[in-house]
Amino acid sequence: MEETHAIWIEKYRPRVLEDIIGQQEIIERLRSYVAKREMPHLLFTGNAGTGKTTAAVALAREFFGEDWQMNFRELNASDERGIDVVRNQIKQFARTSPFGGSTFKILFLDEADALTTDAQSALRRTMETYAQTCRFILSCNYSAKIIDPIQSRCAIYRFRPLGRQAVSEMVKRISADQNLTVTEEVIDAIFYVAQGDMRKAINALQGAAILGRDISPDMIFAITATARPEEIDDLIDLSLAGNFLGAGSSLQALLHDRGIAPQELISQLYRAVVKRDLPEAVKVRLIDSLGETDFRLSEGAGSDIQMQSLIAKFVMYGGRNSR
């Protein structure tokens, strides 16, 4: 296996816009900016691993060519959330002249939704003041956390979770380059684990590749500490059938023997419940219980008792439905 020490999410990160998999409508619009040699401020919003950072860097590469690193700067707002990062680092970059004859520079601010409201207000003023010399690309997971005055000054692009076809294409491309054997079942497992996040998909493949060239679904689930879909289904079946001891035993095996994080398990249970053919009243109660348990865990409650309580509620709701 070549370059086993390399981080694959960086090695296989697309360098130009046309190599980005998925988000085709967005990519076409970004390419039109390059063709016109002009662009507005941009706001990229969407889940992690959907291509926001990759698109921003590729756009800068195509705008500036060999000078792209001189005219592009990337900052992460979660590192410094306050107004000082705007007054110092951002303003200092925005006010300097572009390099190499370019008409503007690009500042990419990742996780912009982490900025405080005061910092965002200062950023809005900076965007207005230096619009002639600097274009801003803001990236966030939640656009609702970006103040309206900034949103109104940006062209907004919503990056959707990547579909199975996009994940499959990237997995097959990497597998061919790394001489790995993957089946459609393996791709299904990677897609289930990644949930539209290409970084997760590539990391899962690289983690499994350490164990051997012939990748199996079990390797994917093991390396990512994820329960198989059928294990989640079995846990729900036992609970709704009123088998509290059996469900509790399965729960303990997943949490302690397999090392699956409680909140990851809640996420998987939620996905399974949503897809299930259940009476609406039962589904509502189950999802409400999942949300309550997730909140309690985020507040620091003990995971074992909260997860057992969750299963107990599943058993109760299943029993009521059977009467």
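A Cβ is built for glycine as well, from the same backbone N, Cα and C atoms used for every other residue.
Taken straight from Swiss-Prot:
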type	residues	note
BINDING	G46, N47, A48, G49, T50, G51, K52, T53	ATP binding site
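Listed in chain order, the residues near the ATP site other than G46, N47, A48, G49, T50, G51, K52, T53 are F44, S139, F159, D197, M198, R199, each with its Cβ within 8 Å of the site Cβ centroid. The highest number of surrounding Cβ atoms within 10 Å, among the binding-site residues N47, T50, T53, is found at T50.
Cβ neighbour count for A48 (ATP binding site) (all protein chains, 10 Å cutoff from its Cβ): 15.
Non-local neighbourhood of K52 (ATP binding site): F44, T45, G46, D110, S139, F159, each in the same chain, at least six residues away, with C-beta under 8 Å from its C-beta. G51 (ATP binding site) has a Cβ environment of 24 other Cβ atoms inside 10 Å. Around G49 (ATP binding site), the same-chain residues at least 6 positions away in sequence with a Cβ under 8 Å from its Cβ are L162, A194, G196, D197, M198, R199, K200, A201. When secondary structure is read from DSSP and collapsed to three states, T53 (ATP binding site) falls in the helix class.
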